[in-house]
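Listed in TrEMBL for this protein:
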- LYS235: active site, proton acceptor (ACT_SITE)
- GLY39, SER40, GLY41, ASN42, TRP43, GLY44, PHE127, ALA183, ARG299, LYS328, GLN330: NAD(+) binding site (BINDING)
- LYS150, ARG299, ASN300: substrate binding site (BINDING)
- 35-202: domain 'Glycerol-3-phosphate dehydrogenase NAD-dependent N-terminal' (DOMAIN)
- 224-371: domain 'Glycerol-3-phosphate dehydrogenase NAD-dependent C-terminal' (DOMAIN)
Amino acid sequence: MAPALEAQVPQEAESVPQNNNFLNSANDATHRSRVTVIGSGNWGSVASKLIASNTLRLASFHDEVRMWVYEETLPSGEKLTDVINRTNENVKYLPGIKLGKNVIADPDLENAVRDSNMLVFVTPHQFMEGICKRLVGKIREDAEGISLVKGMEVKMEGPCMISSLISEQLGINCSVLMGANIANEIAVEKFSEATVGYRNNKEVAERWVQLFYTPYFIVTAVQDVEGVELCGTLKNVVAIAAGFVDGLEMGNNTKAAIMRLGLREMKAFSKLLFPSVKDNTFFESCGVADLITTCLGGRNRKVAEAYAKNGGKRSFDELEAEMLQGQKLQGVSTASEVYEVLSHRGWLELFPLFSTVHEISSGLLPPSAIVEYSEKLPRSF
(Lines of atoms letter the chains of each structure in order from A and count residues from 1; the text may use other names and numbers.)
(Lines give C-alpha, C1' and ligand atoms only; values in the text may rest on other atoms or scores of the structure.)
Protein backbone atom coordinates (compact mmCIF):
# COMPACT_ATOMS: atom_id res chain seq x y z
CA MET A 1 0.00 0.00 0.00
CA ALA A 2 2.67 2.51 1.01
CA PRO A 3 4.78 2.38 -2.18
CA ALA A 4 1.76 2.96 -4.39
CA LEU A 5 0.72 5.98 -2.37
CA GLU A 6 4.21 7.42 -2.38
CA ALA A 7 4.29 7.19 -6.16
CA GLN A 8 1.30 9.49 -6.34
CA VAL A 9 2.90 12.34 -4.38
CA PRO A 10 2.89 15.49 -6.58
CA GLN A 11 6.11 17.17 -7.51
CA GLU A 12 5.61 19.96 -5.00
CA ALA A 13 5.81 17.39 -2.18
CA GLU A 14 9.14 15.73 -1.54
CA SER A 15 9.25 12.29 0.02
CA VAL A 16 12.63 11.75 1.63
CA PRO A 17 14.24 8.31 1.20
CA GLN A 18 15.13 6.12 4.13
CA ASN A 19 18.87 6.19 3.42
CA ASN A 20 20.03 9.78 3.53
CA ASN A 21 23.75 10.57 3.43
CA PHE A 22 23.15 13.96 5.01
CA LEU A 23 21.69 12.27 8.05
CA ASN A 24 23.63 9.04 8.28
CA SER A 25 27.17 10.16 7.46
CA ALA A 26 29.71 8.70 9.83
CA ASN A 27 31.30 12.15 9.94
CA ASP A 28 28.17 13.43 11.69
CA ALA A 29 28.52 10.96 14.56
CA THR A 30 30.22 13.53 16.78
CA HIS A 31 27.51 16.08 15.99
CA ARG A 32 24.48 13.95 16.64
CA SER A 33 21.21 15.78 17.20
CA ARG A 34 19.38 15.63 20.52
CA VAL A 35 15.58 15.67 20.46
CA THR A 36 13.10 16.96 23.02
CA VAL A 37 9.33 16.62 22.65
CA ILE A 38 7.56 19.45 24.45
CA GLY A 39 4.20 17.95 25.33
CA SER A 40 2.97 14.54 26.47
CA GLY A 41 -0.72 14.31 25.70
CA ASN A 42 -2.21 11.79 23.30
CA TRP A 43 -0.50 13.14 20.16
CA GLY A 44 2.67 14.15 22.02
CA SER A 45 3.09 10.61 23.30
CA VAL A 46 2.58 9.14 19.83
CA ALA A 47 5.06 11.63 18.37
CA SER A 48 7.59 10.54 21.01
CA LYS A 49 7.04 6.91 20.06
CA LEU A 50 7.61 7.63 16.36
CA ILE A 51 10.72 9.70 17.02
CA ALA A 52 12.20 7.25 19.53
CA SER A 53 12.02 4.39 17.04
CA ASN A 54 14.08 6.45 14.59
CA THR A 55 16.67 7.90 16.97
CA LEU A 56 17.68 4.33 17.84
CA ARG A 57 18.03 3.50 14.14
CA LEU A 58 19.73 6.61 12.79
CA ALA A 59 23.37 7.41 13.55
CA SER A 60 22.76 11.15 13.27
CA PHE A 61 20.63 11.25 16.45
CA HIS A 62 21.31 10.55 20.11
CA ASP A 63 19.23 7.59 21.23
CA GLU A 64 17.53 9.34 24.14
CA VAL A 65 14.34 11.33 23.52
CA ARG A 66 13.29 13.69 26.28
CA MET A 67 9.55 14.26 26.67
CA TRP A 68 8.42 17.20 28.78
CA VAL A 69 5.43 16.24 30.91
CA TYR A 70 3.12 18.67 32.66
CA GLU A 71 3.22 16.93 36.01
CA GLU A 72 0.01 15.40 37.32
CA THR A 73 -0.82 13.23 40.30
CA LEU A 74 -2.68 10.07 39.29
CA PRO A 75 -5.55 8.58 41.34
CA SER A 76 -3.01 6.07 42.70
CA GLY A 77 -1.07 8.96 44.24
CA GLU A 78 1.89 8.46 41.90
CA LYS A 79 3.35 11.20 39.72
CA LEU A 80 2.63 10.76 36.02
CA THR A 81 6.31 11.16 35.06
CA ASP A 82 7.34 8.45 37.52
CA VAL A 83 4.80 6.04 36.06
CA ILE A 84 5.85 6.81 32.49
CA ASN A 85 9.50 6.20 33.30
CA ARG A 86 8.76 3.04 35.25
CA THR A 87 6.29 1.45 32.80
CA ASN A 88 7.43 3.09 29.52
CA GLU A 89 3.76 4.01 28.99
CA ASN A 90 1.69 7.18 29.31
CA VAL A 91 -1.05 5.52 31.32
CA LYS A 92 -3.29 8.59 31.28
CA TYR A 93 -3.14 9.82 27.69
CA LEU A 94 -1.98 6.76 25.71
CA PRO A 95 -2.65 3.66 27.82
CA GLY A 96 -1.53 0.29 26.56
CA ILE A 97 1.17 1.63 24.21
CA LYS A 98 4.90 1.30 24.90
CA LEU A 99 6.70 4.51 23.97
CA GLY A 100 10.21 3.09 23.63
CA LYS A 101 12.71 2.58 26.43
CA ASN A 102 14.72 5.54 25.17
CA VAL A 103 11.85 7.97 25.93
CA ILE A 104 12.53 9.78 29.21
CA ALA A 105 9.71 11.77 30.81
CA ASP A 106 10.84 14.98 32.50
CA PRO A 107 8.56 17.38 34.45
CA ASP A 108 11.20 20.16 34.39
CA LEU A 109 10.79 22.11 31.14
CA GLU A 110 14.19 23.80 31.26
CA ASN A 111 15.97 20.54 32.01
CA ALA A 112 14.04 18.72 29.27
CA VAL A 113 15.27 21.09 26.55
CA ARG A 114 18.83 21.44 27.84
CA ASP A 115 21.38 20.36 25.20
CA SER A 116 18.66 19.58 22.62
CA ASN A 117 18.94 21.13 19.18
CA MET A 118 15.69 19.68 17.78
CA LEU A 119 12.57 20.81 19.62
CA VAL A 120 9.18 19.26 18.84
CA PHE A 121 6.26 21.36 20.12
CA VAL A 122 3.03 19.44 20.65
CA THR A 123 0.82 21.03 23.31
CA PRO A 124 -2.62 22.66 23.15
CA HIS A 125 -2.16 25.99 21.37
CA GLN A 126 -3.56 28.05 24.22
CA PHE A 127 -0.52 27.12 26.36
CA MET A 128 2.16 27.86 23.77
CA GLU A 129 2.82 31.52 24.55
CA GLY A 130 3.46 30.74 28.22
CA ILE A 131 5.74 27.84 27.33
CA CYS A 132 7.77 29.99 24.92
CA LYS A 133 8.22 32.70 27.55
CA ARG A 134 9.64 30.10 29.93
CA LEU A 135 12.10 28.91 27.28
CA VAL A 136 13.55 32.31 26.34
CA GLY A 137 17.31 32.13 26.88
CA LYS A 138 17.13 28.46 27.88
CA ILE A 139 17.67 26.73 24.53
CA ARG A 140 20.65 26.19 22.25
CA GLU A 141 21.41 28.91 19.73
CA ASP A 142 21.50 26.37 16.91
CA ALA A 143 18.14 24.82 17.84
CA GLU A 144 15.51 24.05 15.22
CA GLY A 145 11.83 23.78 16.05
CA ILE A 146 8.85 22.00 14.56
CA SER A 147 5.27 22.64 15.61
CA LEU A 148 2.61 19.93 15.68
CA VAL A 149 0.30 22.45 17.36
CA LYS A 150 -3.02 23.26 15.70
CA GLY A 151 -4.27 26.76 16.43
CA MET A 152 -3.35 30.43 16.34
CA GLU A 153 -2.92 33.38 18.66
CA VAL A 154 -4.91 36.52 17.93
CA LYS A 155 -3.14 39.72 18.93
CA MET A 156 -3.85 43.42 18.48
CA GLU A 157 -1.79 43.48 15.29
CA GLY A 158 -3.56 40.44 13.86
CA PRO A 159 -3.39 36.63 13.85
CA CYS A 160 -0.11 34.95 14.74
CA MET A 161 0.53 31.36 13.71
CA ILE A 162 2.10 29.13 16.38
CA SER A 163 5.21 28.54 14.26
CA SER A 164 5.68 32.31 14.03
CA LEU A 165 5.13 32.68 17.77
CA ILE A 166 7.88 30.13 18.40
CA SER A 167 10.23 31.76 15.91
CA GLU A 168 9.67 35.28 17.21
CA GLN A 169 9.89 34.49 20.92
CA LEU A 170 12.75 31.99 20.78
CA GLY A 171 14.68 33.30 17.78
CA ILE A 172 14.74 29.93 16.00
CA ASN A 173 13.54 28.59 12.67
CA CYS A 174 10.31 26.64 13.06
CA SER A 175 8.80 24.16 10.59
CA VAL A 176 5.40 22.47 11.02
CA LEU A 177 4.03 18.93 10.75
CA MET A 178 0.32 18.38 10.07
CA GLY A 179 -1.74 15.61 8.53
CA ALA A 180 -4.56 13.10 8.75
CA ASN A 181 -3.26 11.88 12.08
CA ILE A 182 -5.67 10.45 14.62
CA ALA A 183 -3.15 9.61 17.29
CA ASN A 184 -4.61 6.34 18.58
CA GLU A 185 -4.51 4.82 15.10
CA ILE A 186 -0.86 5.78 14.58
CA ALA A 187 -0.05 4.44 18.04
CA VAL A 188 -1.04 0.93 16.92
CA GLU A 189 0.88 1.45 13.67
CA LYS A 190 -1.99 1.77 11.22
CA PHE A 191 -0.92 3.37 7.95
CA SER A 192 -1.01 7.16 7.90
CA GLU A 193 0.55 10.18 6.19
CA ALA A 194 1.72 13.63 7.26
CA THR A 195 3.13 16.81 5.72
CA VAL A 196 6.13 18.85 6.88
CA GLY A 197 5.91 22.51 5.94
CA TYR A 198 9.25 24.32 5.78
CA ARG A 199 10.49 27.79 4.83
CA ASN A 200 13.83 27.88 3.04
CA ASN A 201 16.17 25.17 4.28
CA LYS A 202 15.47 21.90 2.50
CA GLU A 203 18.13 20.04 4.51
CA VAL A 204 16.34 20.92 7.74
CA ALA A 205 13.08 19.66 6.23
CA GLU A 206 14.80 16.39 5.29
CA ARG A 207 16.03 16.00 8.86
CA TRP A 208 12.49 16.41 10.22
CA VAL A 209 11.06 14.00 7.66
CA GLN A 210 13.68 11.40 8.55
CA LEU A 211 12.98 11.83 12.26
CA PHE A 212 9.26 11.05 11.86
CA TYR A 213 9.19 8.74 8.82
CA THR A 214 8.35 5.05 9.39
CA PRO A 215 6.92 2.36 7.09
CA TYR A 216 3.47 3.09 8.55
CA PHE A 217 3.85 6.88 8.86
CA ILE A 218 4.77 8.38 5.49
CA VAL A 219 6.00 11.97 5.64
CA THR A 220 6.51 14.40 2.74
CA ALA A 221 7.74 18.00 2.73
CA VAL A 222 6.37 21.13 1.05
CA GLN A 223 7.80 24.64 1.11
CA ASP A 224 4.70 26.28 2.56
CA VAL A 225 4.70 26.69 6.34
CA GLU A 226 1.61 28.92 6.50
CA GLY A 227 -0.44 26.74 4.16
CA VAL A 228 0.34 23.52 6.01
CA GLU A 229 -0.22 25.11 9.41
CA LEU A 230 -3.50 26.80 8.51
CA CYS A 231 -4.86 23.54 7.12
CA GLY A 232 -4.13 21.85 10.43
CA THR A 233 -5.65 24.74 12.35
CA LEU A 234 -8.83 25.46 10.38
CA LYS A 235 -9.96 21.87 9.84
CA ASN A 236 -10.88 21.71 13.54
CA VAL A 237 -13.47 24.43 12.99
CA VAL A 238 -15.01 22.43 10.15
CA ALA A 239 -14.94 19.32 12.36
CA ILE A 240 -17.10 21.14 14.92
CA ALA A 241 -19.61 21.81 12.14
CA ALA A 242 -19.50 18.14 11.12
CA GLY A 243 -20.19 17.15 14.72
CA PHE A 244 -23.27 19.38 14.81
CA VAL A 245 -24.53 17.64 11.67
CA ASP A 246 -23.96 14.21 13.26
CA GLY A 247 -25.64 15.22 16.50
CA LEU A 248 -28.70 16.42 14.62
CA GLU A 249 -28.71 13.22 12.51
CA MET A 250 -28.79 15.18 9.26
CA GLY A 251 -27.09 12.44 7.26
CA ASN A 252 -24.06 11.93 5.06
CA ASN A 253 -25.12 14.21 2.23
CA THR A 254 -25.33 17.18 4.59
CA LYS A 255 -22.03 16.28 6.21
CA ALA A 256 -20.31 16.02 2.83
CA ALA A 257 -21.67 19.44 1.87
CA ILE A 258 -20.40 20.96 5.12
CA MET A 259 -16.94 19.43 4.53
CA ARG A 260 -16.78 20.77 0.97
CA LEU A 261 -17.87 24.24 2.00
CA GLY A 262 -15.45 24.10 4.92
CA LEU A 263 -12.54 23.26 2.63
CA ARG A 264 -13.48 26.19 0.43
CA GLU A 265 -13.45 28.57 3.40
CA MET A 266 -10.16 27.09 4.65
CA LYS A 267 -8.52 27.84 1.32
CA ALA A 268 -10.02 31.32 0.96
CA PHE A 269 -9.12 32.35 4.54
CA SER A 270 -5.55 31.04 4.21
CA LYS A 271 -4.91 32.87 0.95
CA LEU A 272 -6.40 36.14 2.22
CA LEU A 273 -4.06 36.06 5.23
CA PHE A 274 -1.03 34.72 3.34
CA PRO A 275 -1.13 35.15 -0.46
CA SER A 276 1.97 32.93 -0.69
CA VAL A 277 -0.05 29.85 0.34
CA LYS A 278 0.03 27.26 -2.45
CA ASP A 279 -3.12 25.69 -3.90
CA ASN A 280 -1.49 22.25 -4.00
CA THR A 281 -0.98 22.27 -0.24
CA PHE A 282 -4.71 21.66 0.21
CA PHE A 283 -4.34 18.34 -1.60
CA GLU A 284 -1.58 17.10 0.72
CA SER A 285 -2.21 15.02 3.82
CA CYS A 286 -2.35 18.24 5.84
CA GLY A 287 -5.26 19.48 3.72
CA VAL A 288 -8.17 17.47 2.41
CA ALA A 289 -7.04 14.20 4.05
CA ASP A 290 -6.80 15.76 7.51
CA LEU A 291 -10.15 17.46 7.00
CA ILE A 292 -11.82 14.16 6.13
CA THR A 293 -10.40 12.14 9.00
CA THR A 294 -11.09 14.86 11.58
CA CYS A 295 -14.69 15.25 10.43
CA LEU A 296 -15.17 11.48 10.62
CA GLY A 297 -13.40 10.55 13.82
CA GLY A 298 -11.67 13.34 15.76
CA ARG A 299 -12.35 14.62 19.26
CA ASN A 300 -13.74 17.94 17.99
CA ARG A 301 -16.41 16.15 15.98
CA LYS A 302 -17.20 13.85 18.92
CA VAL A 303 -17.79 16.61 21.45
CA ALA A 304 -19.68 18.81 18.95
CA GLU A 305 -22.00 15.86 18.30
CA ALA A 306 -22.75 15.64 22.02
CA TYR A 307 -23.30 19.41 22.16
CA ALA A 308 -25.88 19.22 19.37
CA LYS A 309 -27.61 16.17 20.89
CA ASN A 310 -28.05 18.17 24.08
CA GLY A 311 -29.50 21.09 22.13
CA GLY A 312 -26.64 23.34 23.16
CA LYS A 313 -27.78 23.19 26.79
CA ARG A 314 -24.49 21.75 28.07
CA SER A 315 -21.39 23.86 27.52
CA PHE A 316 -18.36 22.72 25.56
CA ASP A 317 -16.24 23.15 28.70
CA GLU A 318 -18.49 20.73 30.59
CA LEU A 319 -18.55 18.19 27.77
CA GLU A 320 -14.78 18.45 27.26
CA ALA A 321 -14.12 17.71 30.94
CA GLU A 322 -16.53 14.76 30.87
CA MET A 323 -15.56 13.18 27.56
CA LEU A 324 -11.85 13.85 26.99
CA GLN A 325 -10.18 12.93 30.32
CA GLY A 326 -7.89 15.92 30.38
CA GLN A 327 -7.36 16.34 26.63
CA LYS A 328 -8.24 19.71 25.11
CA LEU A 329 -10.53 20.72 22.28
CA GLN A 330 -8.99 22.98 19.67
CA GLY A 331 -11.92 23.68 17.36
CA VAL A 332 -14.02 25.86 19.68
CA SER A 333 -11.16 28.16 20.69
CA THR A 334 -9.90 28.31 17.10
CA ALA A 335 -13.41 29.20 15.88
CA SER A 336 -13.43 32.07 18.38
CA GLU A 337 -10.01 33.28 17.21
CA VAL A 338 -10.99 33.04 13.54
CA TYR A 339 -14.22 34.92 14.28
CA GLU A 340 -12.21 37.70 15.90
CA VAL A 341 -10.06 38.02 12.78
CA LEU A 342 -13.10 37.97 10.48
CA SER A 343 -14.94 40.56 12.55
CA HIS A 344 -11.94 42.89 12.78
CA ARG A 345 -11.30 42.75 9.04
CA GLY A 346 -14.92 42.93 7.94
CA TRP A 347 -14.90 39.43 6.45
CA LEU A 348 -17.78 37.80 8.38
CA GLU A 349 -20.10 37.67 5.36
CA LEU A 350 -17.38 36.00 3.27
CA PHE A 351 -17.09 33.09 5.73
CA PRO A 352 -20.60 32.08 6.82
CA LEU A 353 -19.60 28.57 7.93
CA PHE A 354 -16.73 29.71 10.14
CA SER A 355 -18.90 32.51 11.56
CA THR A 356 -21.82 30.21 12.29
CA VAL A 357 -19.67 27.59 14.04
CA HIS A 358 -18.52 30.25 16.51
CA GLU A 359 -22.00 31.64 17.01
CA ILE A 360 -23.38 28.16 17.75
CA SER A 361 -20.45 27.23 20.01
CA SER A 362 -20.87 30.40 22.04
CA GLY A 363 -24.62 29.89 22.45
CA LEU A 364 -25.74 32.70 20.15
CA LEU A 365 -27.41 30.31 17.71
CA PRO A 366 -28.93 26.82 18.04
CA PRO A 367 -27.05 23.84 16.54
CA SER A 368 -29.63 23.61 13.73
CA ALA A 369 -28.27 26.90 12.35
CA ILE A 370 -25.34 24.98 10.88
CA VAL A 371 -27.32 24.29 7.71
CA GLU A 372 -29.35 27.49 7.68
CA TYR A 373 -26.17 29.53 7.19
CA SER A 374 -25.94 28.44 3.53
CA GLU A 375 -28.73 30.87 2.64
CA LYS A 376 -26.28 33.68 3.45
CA LEU A 377 -23.60 32.52 1.02
CA PRO A 378 -22.49 35.43 -1.17
CA ARG A 379 -22.80 34.60 -4.84
CA SER A 380 -19.28 35.83 -5.58
CA PHE A 381 -17.59 33.61 -2.99
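Each position is counted from 1, following the chain as shown.
The backbone N, Cα and C atoms fix where each Cβ goes, and this holds for glycine too.
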For GLY41 (NAD(+) binding site), list the number of other Cβ atoms lying within 10 Å of its Cβ atom.
22
Counting Cβ atoms within 10 Å across all protein chains shown, which of the recorded positions LYS150, LYS235, ARG299 comes out on top?
LYS235
What count of other C-beta atoms do you get within 10 angstroms of the C-beta of ASN300 (substrate binding site), across all chains shown?
26
With helix taken as DSSP H, G or I, strand as E or B and everything else coil, how many residues of the domain 'Glycerol-3-phosphate dehydrogenase NAD-dependent C-terminal' (224-371) land in each class?
113 helix, 0 strand, 35 coil
Using CB atoms and a 10 A radius, I'd like the single residue among the binding-site residues TRP43, PHE127 with the highest neighbour count.
TRP43
How long is the line from the C-alpha of PHE127 (NAD(+) binding site) to the C-alpha of LYS235 (active site, proton acceptor), rounded to the nearest angstrom?
20
TRP43 (NAD(+) binding site) versus recorded positions LYS150, LYS235, ASN300 - nearest by Cα:
LYS150
Take the domain 'Glycerol-3-phosphate dehydrogenase NAD-dependent N-terminal' (35-202) and average the pLDDT across it for me.
95
If you pair up every Cα among LYS150, ARG299, ASN300, the residues annotated as binding substrate, what's the maximum separation in angstrom, rounded to an integer?
13
Diameter of the NAD(+) binding set by C-alpha atoms, the set being GLY39, SER40, GLY41, ASN42, TRP43, GLY44, PHE127, ALA183, ARG299, LYS328, GLN330, in angstrom:
20
An 8 Å radius from the center of the LYS150, ARG299, ASN300 Cβ atoms defines the neighbourhood of the substrate site; name the other residues of that chain inside it, in order.
ASN236, ALA239, THR294, GLY298, LEU329, GLN330, GLY331
Name the residues of the same chain, 6+ apart in sequence, whose Cβ is under 8 Å from the Cβ of GLY39 (NAD(+) binding site)?
ALA47, MET67, TRP68, VAL120, PHE121, VAL122, THR123, LEU148
Distance check, please: Cα of LYS150 (substrate binding site) against Cα of GLY41 (NAD(+) binding site), rounded to an integer number of angstrom.
14
